[in-house]
Amino acid sequence: MYLVESKGGAIVCMLFSLFFLGTWPAIMTLLERRGRLPQHTYLDYSITNLLAAVIIALTFGEIGNGRPNFTTQLSQDNWPSIMFAMAGGVVLSLGNLSTQYAWAFVGLSVTEVITSSITVVIGTTLNYFLDDKINRAEILFPGVGCFLIAVCLGSAVHSSNAADNRAKLKNLKSDNKNVTATVGSSAYSNEASQNKGVKDLENGSSTPEKAKAGTADFLVDLENRRSIKVFGRNTSIGLSITFFAGVCFSLFSPAFNLATNDQWHTLNKGVPKLVVYTAFFWFSISCFVLAIILNVTFLYFPILNLPSSSLKAYLNDWNGRGWAFLAGLLCGFGNGLQFMGGQAAGYAAADAVQALPLVSTFWGVLIFGEYRKSSRRTYILLVNMLFMFIAAVGILMASSGHRK
């Protein structure tokens, strides 16, 4: 099998992982904002997410000699480590599924900031001790501190931008017959979606009078065509989902660490430790199974007042399916590269990919027009948040050690 052995190789893996893991949430958000049911999107995503793990296992896991390869380990008595890997897959699946709904309520950038901060505080600390402190603490924990500062700035950005949006809705022209908006609550009629139309996902066509990003009309149009309605909802719903997702994310990497390094000595004497590719395969299997069970259930018993669906409706829904497949591949390869880098340089340093809000914020601004026409205060906070994220990822990568 192929094994990343150098610090430089580990950092390259982390950088690609950072880009992939910061991009797939933007794709999922794009589909929800264009009206595709999240249950349909997540089912498609889950298929290619598992496919990525299989591809990695059958390629990198079979290259070269030395440690047991992927297929050899499938027949070994390593079930304790497999269970740790599958536990990691379960919590990751719960976290990813939760964020799919949190993005609608809290926004892409802020959701990623909060979940990443919780992951850094809990997950990176656990990995540091599980890795027998191979990372340089004098560098690692100041990096964690920079990340937490960025989190505080991110929360301030969200608060400032929310105030900007409330002001926009308050000043919405009174002669807009399709919507009535007030601070703190919003009522809207179905006439808006009927009269203005919905942008087609596949051919990219749109109505001639398209609202400009950052305006009150844009916010109203977005609400009318998205699948998860958020106007008038209590913000605590989205924040609760986000914090739950963050706790789940903080546990999957330590569980994977235990699966590949057996720090608790659960394997029988003479049984080789799981290689990263075998662990990632079982990790992805449990992630896939739980995602299928939950999302098929949500088809018939939806949450958050979403419309019900069916397996037949899902199979016939090809609008945006290619994008959902791409999101699954990006997430799968992103996780695989994170684990490959972590096995070489320490999983605490590999948690530098939790600076993925840096990438998500870029896509949020570029694709969704987040923070467009916002106040000067919001822009200043946003720039400072991004600066701290850049510092955090650099410091965490500099703390990389080398596993003996």
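Along the chain as shown, residues are numbered 1 onward.
Glycine too: its Cβ is placed from the backbone N, Cα and C atoms.
Annotated features, as they stand in TrEMBL:
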- 6-30: transmembrane segment (TRANSMEM)
- 42-61: transmembrane segment (TRANSMEM)
- 81-97: transmembrane segment (TRANSMEM)
- 104-127: transmembrane segment (TRANSMEM)
- 139-158: transmembrane segment (TRANSMEM)
- 187-210: region 'Disordered' (REGION)
- 187-196: compositional bias 'Polar residues' (COMPBIAS)
- 235-256: transmembrane segment (TRANSMEM)
- 276-301: transmembrane segment (TRANSMEM)
- 322-341: transmembrane segment (TRANSMEM)
- 347-367: transmembrane segment (TRANSMEM)
- 379-398: transmembrane segment (TRANSMEM)
Residue list, the transmembrane segment (81-97) vs rest of chain: Cβ under 8 Å, 6 or more residues beyond ends. 42, 115, 244-246, 248-249, 251-256, 258-260, 262, 266-267, 273-274, 279-280, 282-288, 290-291, 294-295, 331, 335
Check the transmembrane segment (42-61) against the transmembrane segment (276-301) for contact, please; criterion is three or more CB pairs under 8 Å, pairs 6 or more apart in sequence. yes
For the transmembrane segment (139-158), sequence-distant contacts whose Cβ falls under 8 Å of one of its Cβ atoms, 6 or more beyond its ends: 106-107, 109-110, 113-114, 116-117, 120-121, 124-125, 128, 348-349, 352, 354-355, 357, 371, 378, 381-382, 384-385, 388-389, 391-392, 394-396, 398-399
Non-local residues, at least 6 beyond the ends, that sit with Cβ under 8 Å of the transmembrane segment (322-341): 4, 9-14, 16-21, 23-25, 27-28, 30-31, 36, 40-42, 44-53, 56, 60, 92, 96, 201, 253, 256, 260, 276, 279-280, 283-284, 349-350, 353
Looking only at residues six or more beyond either end of the transmembrane segment (379-398), which have a C-beta under 8 A from one in the stretch? 11, 14, 18, 113, 124, 136, 139-140, 142-144, 146-147, 149-150, 153-154, 156-157, 160, 348-349, 351-352, 355, 357-358, 361, 371
